[in-house]
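Okay, structure first, notes after.
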Amino acid sequence: MQSLENKILLEGQVLSDEILKVDSFLNHQVDPFLMREIGEEFARRFKDEAITKVLTIESSGIAPATMAALQLGVPLVFARKKKSLTMADQYYKAEVFSFTKRETTLIAVGKPFLNADDHVLIIDDFLANGQAAEGLIDVVQQAGAHVVGIGIVIEKAFQDGGTRLRQSGFRVESLARIASLQDGAISFVKKEKV
Ligand code: G4P
């Protein structure tokens, strides 16, 4: 998605060879016009999949996922991050380990919000090692629902989450795919000619 790549080049800050800071439009301040475009693009890519729900994880997934849900005309559900769970049997839950933060988080979705007949589009802001996406897939499968695909705003293609998810058979659509952040320079995966 060209406007997203332009925004990343203009406003993204390379913090290290592995971390891209995009606080000005995605992770802290949110650019609603860009989010609307992102939602439209996800909806365009997944429009034939009879999606009934969009699922993301708090907090930065909520903005792009809401816009996608709006365009698809379905509810958005976001997994909550919990330290511990009271009334645990009322939630589908999974443990997500973050390589970036070196910590494990419990994510939880209330059982009334996912049903066995749901066709779920998972959306997240970043795809790095894929732990968050795998936790969300786990939650959907606990509900007996179907994962239609995974929509990612920014995939760091030099980390292995995208490869693993695709090899497991999931359709992963990333709107920007970063090939490298080495030496402070952002480069994107070259698009295949069709
Ligand atoms: P993974 O899910 O793909 O394995 O990623 P990882 O655990 O490594 O990422 C942990 C958190 O850091 C996630 O946000 C993820 O979105 C974010 N993240 C990973 N790589 C980058 C990066 O290069 N830049 C930025 N800006 N974020 C990155 P989170 O903890 O869930 O935070 P939030 O959603 O509350 O903002």
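Placed from the backbone N, Cα and C atoms, the Cβ positions cover glycine too.
Leu20 is the only one of Leu20, Leu165 that TrEMBL places in the xanthine site (with Asn27, Lys156). Comparing the binding-site residues Ala128, Ala132 by how many other C-beta atoms lie within 10 angstroms of each C-beta, the top residue is Ala132.
The xanthine site is defined by Leu20, Asn27, Lys156, and by the 8 Å test on Cβ atoms against their centroid, the other residues of the chain that qualify are Gly12, Ile19, Lys21, Val22, Leu26, Asp125, Phe126, Ala128, Ile154, Ile178. When the binding-site residues Ala128, Asn129, Gly130, Gln131 are compared by Cα distance to Lys156 (xanthine binding site), the shortest distance belongs to Ala128. Taken as a whole, the domain 'Phosphoribosyltransferase' (40-157) shows an average pLDDT of 96 in this prediction.
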